[in-house]
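Participant: These came from TrEMBL, pasted as-is:
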| type | residues | note |
| --- | --- | --- |
| BINDING | Ser9, His67, Gly143, Phe144, Gly145, Gly146, Asp176, Gly177, Gly178, Gly198, Ser199 | substrate binding site |
| BINDING | His34, Asp36, His67, Asp176 | divalent metal cation binding site |
| ACT_SITE | Asp36 | active site, proton acceptor |
| ACT_SITE | Asp176 | active site, proton donor |
Amino acid sequence: MAAPLICPSILASDFARLGEEVRALETAGADWIHVDVMDGHFVPNLTMGPDIVKAIRPHTSLPFDVHLMVAPVDPWLEAYRDAGADILTVHPESGPHLHRTLGRIRQLGARAGVVFNPGTPLNILEEVVDLVDVVLLMSVNPGFGGQSFIESALRKIERTRAILDAAGSKAHLQVDGGVTSANAGACVAAGADALVAGSFVFKGGPSAYAANIQALKSA
Ligand code: DX5
Ligand code: ZN
């Protein structure tokens, strides 16, 4: 089994040193930088605007994987793309026209992703599978880092893998929330090829990032 892409969530980083944090993640072997954008309305927490993404963009050449927990999301796509996002992932609940939103993201030259909350039905994926480069499965309810992995996500990863394979899709299957070395192997065995991790990657401080990332890759 190929090692998964590791996408550290900078939600768990030291916000006073964001530039240094993304540089340290790149040195430590991260594949994508996962940016959790929360609007205090779609989810009960408020985080990073496009100016923050723009400020950290010069500090790394890694792809920025921007997870938009914002509703309505359409008015923000261009601003995050201009700020340096390479991948924009959106929740079906964050706008009335998911198909149009995904098309718009690709039109802006970014890779498009759709995100499923634990309670969101997967059948939506069949309608937009040709429009997505990433499928992000939430293994916690979005809003906060440091929550526990919801075990039923494993079965949902398998079901997603089956839908993608049946459609001949090469989209990445990414998992987000409560990912640790204790469940990363099971996620990959179920069909995931990209893992988001916040708390697990950042624990122990910068000198531990490389070992933490390696522990997820080899789990
Ligand atoms: C939750 C976010 C996740 C989360 C990951 O809304 O989308 O990216 O911060 O953090 P951990 O790995 O701590 O669950
Ligand atoms: Zn996220």
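A Cβ is built for glycine as well, from the same backbone N, Cα and C atoms used for every other residue.
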Participant: Given the binding-site residues His34, Asp36, His67, which one's Cα is the least distant from that of Gly143 (substrate binding site)?
Facilitator: Asp36
Participant: Where does His67 (divalent metal cation binding site) sit in the DSSP three-state scheme?
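Facilitator: Where His67 (divalent metal cation binding site) sits, the three-state DSSP reduction gives strand.
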Participant: Roughly how many angstrom lie between the C-alpha atoms of His34 (divalent metal cation binding site) and Asp176 (substrate binding site)?
Facilitator: 10
Participant: Just to verify: the residue among Ser9, Ser199 with the fewest other Cβ atoms within 10 Å, which of the binding-site residues is it?
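Facilitator: Per-residue Cβ counts within 10 Å for the binding-site residues Ser9, Ser199 bottom out at Ser199.
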Participant: Is any of His67, Gly143, Gly145, Asp176, Gly178, Ser199 (binding-site residues) within Cβ reach of ligand 2, i.e. under 6 A, and which?
Facilitator: His67, Asp176
Participant: Count the other Cβ atoms sitting within 10 Å of the Cβ of His67 (divalent metal cation binding site), across every protein chain shown.
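Facilitator: Looking across every protein chain shown, the total is 28.
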Participant: Compute all pairwise C-alpha distances among Ser9, His67, Gly143, Phe144, Gly145, Gly146, Asp176, Gly177, Gly178, Gly198, Ser199, the residues listed as binding substrate, and give the largest one in whole angstrom.
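Facilitator: Answer in Å: the longest Cα-Cα distance is 17.
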Participant: Of Gly143, Gly145, Gly178, which of the binding-site residues has the most Cβ neighbours inside 10 Å?
Facilitator: Gly178
Participant: What are the other residues, in sequence order, whose C-beta lies within 8 angstroms of the center of the C-beta atoms of Ser9, His67, Gly143, Phe144, Gly145, Gly146, Asp176, Gly177, Gly178, Gly198, Ser199 at the substrate site?
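Facilitator: Along the chain, the qualifying residues are Leu11, Ala12, Asp36, Val140, Pro142, Gln147, Val196.
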Participant: Residues with Cβ closer than 8 Å to the Cβ of Asp36 (divalent metal cation binding site), same chain and 6+ apart in sequence?
Facilitator: Ser9, Ile10, Leu11, Thr47, Met48, His67, Met69, Gly145, Gly198
Participant: Which of the three DSSP states, helix, strand or coil, fits Gly145 (substrate binding site)?
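Facilitator: Looking at the DSSP assignment, Gly145 (substrate binding site) belongs to neither helix nor strand, so coil.
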Participant: Helix, strand or coil for Gly178 (substrate binding site)? Use DSSP.
Facilitator: coil
Participant: CB neighbours of His34 (divalent metal cation binding site) within 10 A?
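Facilitator: Taking every protein chain into account, the count is 30.
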Participant: Around the divalent metal cation site (His34, Asp36, His67, Asp176), what further same-chain residues have their C-beta within 8 angstroms of the site's C-beta centre?
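Facilitator: Filtered neighbour residues, in order: Cys7, Ser9, Leu11, Val35, Asp65, Thr89, Leu136, Val196, Gly198.
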